[in-house]
Amino acid sequence: MTQHLTAETLRKDFLAVFGQEVDQTFFSPGRINLIGEHTDYNGGHVFPVAISLGTYGAARKRDDQVLRFYSANFEDKGIIEVPLADLKFEKEHNWTNYPKGVLHFLQEAGHVIDKGFDFYVYGNIPNGSGLSSSASLEILTGVVAEHLFDLKLERLDLVKIGKQTENNFIGVNSGIMDQFAIGMGADQRAIYLDTNTLEYDLVPLDLKDNVVVIMNTNKRRELADSKYNERRAECEKAVEELQVALDIQTLGELDEWAVDQYSYLIKDENRLKRARHAVLENQRTLKAQAALQAGDLETFGRLMNASHVSLEHDYEVTGLELDTLVHTAWAQEGVLGARMTGAGFSGCAIALVQKDTVEAFKEAVGKHYEEVVGYAPSFYIAEVAGGTRVLD
């Protein structure tokens, strides 16, 4: 599933499915978050990178008002046809709800999409892995529409439309990190993003003799059906309770002193744990960015470890599979740090590993994980990529 495609292959595949030559081909990356988990909807900082696993697209404008979607990942669904005038969420339309949502909100924003198009998609992000296949597809759709219809579309506006699609069309109360990382990514750079202001820095990702290993639990996770929305609601309630004494809008405005000082205002122990994670994770992200800028990878790794402990015990979004991967990774030679990445509840973890120990690392972690969980994990080396773009 990690096959990379060329523009030429995409053209051939498009022709085989739709019987027409393609207009243009595209690539949209996935993302991992180095640190700063569940902070994006809490007004905190995040530190993601776009990666070379992602979503490929090929498209051709039509002369009528019909959208035709085909995914090589869901061949059994065949070509799904949708009238351009009827862009509403329909469960049976499966993956096409993501592009439908983006097109709906582009039109709502005043962008003229006056014809249908044929849209071929292939993703090599493992499904349900938490590497943002949905956001990758959302930003891909926007860039396809931008080029087919010559839209005057600022990339940040498209990022916001991707989030709007996730929140108001699909029904997941996610933050803006995934779409931002995918839309604004740059080669060999991490994005240090303040989700409260959307101010960001592109930070050189110099890992020296280390690589980021992505560890996939291979346990499916459906974000919309998980406890993700529940965690967000708990944090929003904690903010309401703190507003009795504090002039704040988000947990990201607090430091660790404040969350301790005013903890008595939060009436539920679980909500206090959620709030503590959001505040301290934001502080860890500030420190991690400074450590990376200074070339201090040992400190960066320790902050990764502390992040996972907080996600495990305070935010409670890890579970057996992620904890087994991360705890086993911590015990291996050559590992500077490891943590879950993404929303949690399965999906993936990452580890910062010395290059010359990677093979031994994969063997040891994979063996122990299979003994505990009953099936094998998958491993990928995270290659940092640029944002969504035209291939040819």
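Quick reminder: no glycine exception, Cβ is built from N, Cα and C everywhere.
Of the residues proposed, Tyr200, Tyr228, Tyr262, the one Swiss-Prot records at the same substrate site as Glu37, His38, Thr39, Asp40 is Tyr228. Across the fold, the C-alpha of Ser134 (Mg(2+) binding site) and the C-alpha of His38 (substrate binding site) stand 17 Å from each other. Annotation: Asp178 carries the greatest number of neighbouring Cβ atoms among the recorded positions Asp40, Glu166, Asp178 [cut-off 10 Å, Cβ to Cβ]. Max Cα-Cα distance over the annotated substrate binders (Glu37, His38, Thr39, Asp40, Tyr228) is 13 Å.
Per Cα geometry, Asp178 is the residue among the recorded positions Arg31, Glu166, Asp178 nearest to Asp40 (substrate binding site).
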